[in-house]
């Protein structure tokens with residue numbers, strides 16, 4: 001037994017054998033269900049706290065995460081950390097993906113980085129914990145020791161993870177001993193959805209042959225596990241054994257879990273039917289789940305789906321109930337019954353169809369876009385402007401500060417009244433000079449700004465590391481290619497009153513230039529031509545014009561590592577999201593999406609592209 005105070009972080013095992021932390025909000029939600037004990041049902045619906053995790057459920061009995069639409073299982077664990085470490089202070093360290101989004105480090109890595117940061121070390125080498133990276137706090141960058149590639153890192157504040165105090169077992173199984181009851185259970189919700197779910201639960205629990213099972217036996221009816229957003233783990237992957245971690249059984253296959261649930265589950269009742277009265281012959285008209293064949297289970301699941309859909313219960317699709325898929329139709333039927341018995345507001349249904357492209361369009365139906373000249377645009381490989389030193393470039397944007405304030409330089413974290421703490425290649429300026437950016441007014445060591453500029457694209461522009469204000473014209477490293485754009489006579493979902501702007505990007509594979517991660521090495525270009533869609537509305541045309549500016553400035557694509565496939569040295573999207581689904585929104589890259597146009601305008605503005613930009617660029 002351990003007598004201590006600690007913060008609790010819930011984590012899941014990814015396909016690479018790394019334990020990845022849930023967010024503080026999700027960990028608080030899971031912890032609340034754990035502390036509620038058996039009356040909470042033994043399952044945690046993650047979509048209740050984070051809509052992005054809607055397909056996922058955690059089963060506390062088996063300590064697995066289960067993805068409802070694919071059947072993917074992943075181990076989860078409840079891990080303890082020092083309250084004085086990063087999770088106990090709400091500090092999250094993240095690195096920037098190739099697509100511009102931010103990913104948190106593993107908890108152990110984040111704690112190591114935070115410790116070095118608090119000790120005011122200029123940098124931290126992560127080799128000792130198994131990662132070939134250096135974190136440079138002066139530039140807030142991550143440097144790959146092998147390739148010298150750099151990524152941005154950031155430190156942000158979030159909720160503090162849940163705290164536990166007192167005697168904690170090194171390992172324990174759910175449910176945790178609830179101790180003496182302090183209050184009576186809250187009355188059940190009376191909304192139609194909850195009434196329906198509770199009636200299904202009562203029908204299944206009371207409708208079996210034999211006496212009603214006690215809670216300790218009924219808890220086996222909970223779903224076993226949940227899968228998270230990444231792909232399934234490699235075959236043979238096992239949960240790690242860490243002190244202070246609650247783990248589920250690591251050797252139980254999904255099929256074995258389901259068979260054990262079937263053997264312990266009561267017989268099936270007609271969906272929505274009341275419990276049989278005492279003394280009635282419960283065997284009449286009942287069929288044990290274990291005796292149902294594939295077709296019976298399939299019909300039962302579909303019938304249940306119709307009842308739940310008619311009652312307004314949200315649906316969770318299971319792929320292809322009629323054919324082969326990651327989810328066996330029998331598993332789909334059993335899952336529907338068990339989810340209802342556990343009181344989970346979900347049902348099984350066939351998924352909607354993915355529609356990536358519009359119906360065929362003839363050449364005569366393709367039209368140019370009013371107000372936008374031409375129908376295509378090419379880019380060539382442009383080199384960064386030469387002839388000006390970094391000091392000469394920054395001189396245009398800075399005002400010297402003779403009497404610096406008693407504040408920290410947010411690049412090197414040293415006082416502005418002291419010399420710069422940057423320890424990299426030595427710029428030619430003096431380390432104690434201080435300058436103020438002319439538009440936003442933020443103050444830094446000039447020495448630090450020169451170092452930051454040298455680590456960037458060196459295109460004559462500068463971006464304030466504090467407020468992201470852009471000075472000059474920001475350009476990217478997009479390889480040569482072609483952008484086509486025209487009107488097609490079809491409407492997008494959510495935009496029935498207008499036609500559609502279709503954009504086609506074409507980029508061939510080639511050789512990386514000096515501005516790319518690996519100069520002289522070949523790069524691939526997967527998935528081209530890429531088709532994207534905008535509504536032909538006033539705002540849609542505005543977005544198109546700004547995308548043309550972004551294309552000319554080489555900001556639409558970059559060369560890096562694909563977050564989808566993991567392939568390196570390939571063409572990837574670069575911080576400006578596009579819609580690649582024409583008639584659906586199953587992947588999140590389609591319509592309807594009421595906020596998309598506003599979101600992409602904000603992303604373009606973050607790149608320094610606004611309506612003012614179009615007056616300085618070719619139409």
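For all residues, glycine too, the Cβ spot is worked out from N, Cα and C.
Predicted automatically and left uncurated, TrEMBL annotations should be read as such.
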Name the residue range among 292-324, 325-357, 358-390 that TrEMBL annotates as region 'Disordered'.
358-390
So which range, 264-283, 404-423, 424-443, 444-463, gets flagged region 'Disordered' in TrEMBL?
264-283
Of the ranges 201-228, 229-256, 481-508, 509-536, which one does TrEMBL flag as region 'Disordered'?
229-256
For the domain 'WWE' (1-78), give the DSSP counts of helix residues, strand residues and coil residues.
23 helix, 32 strand, 23 coil
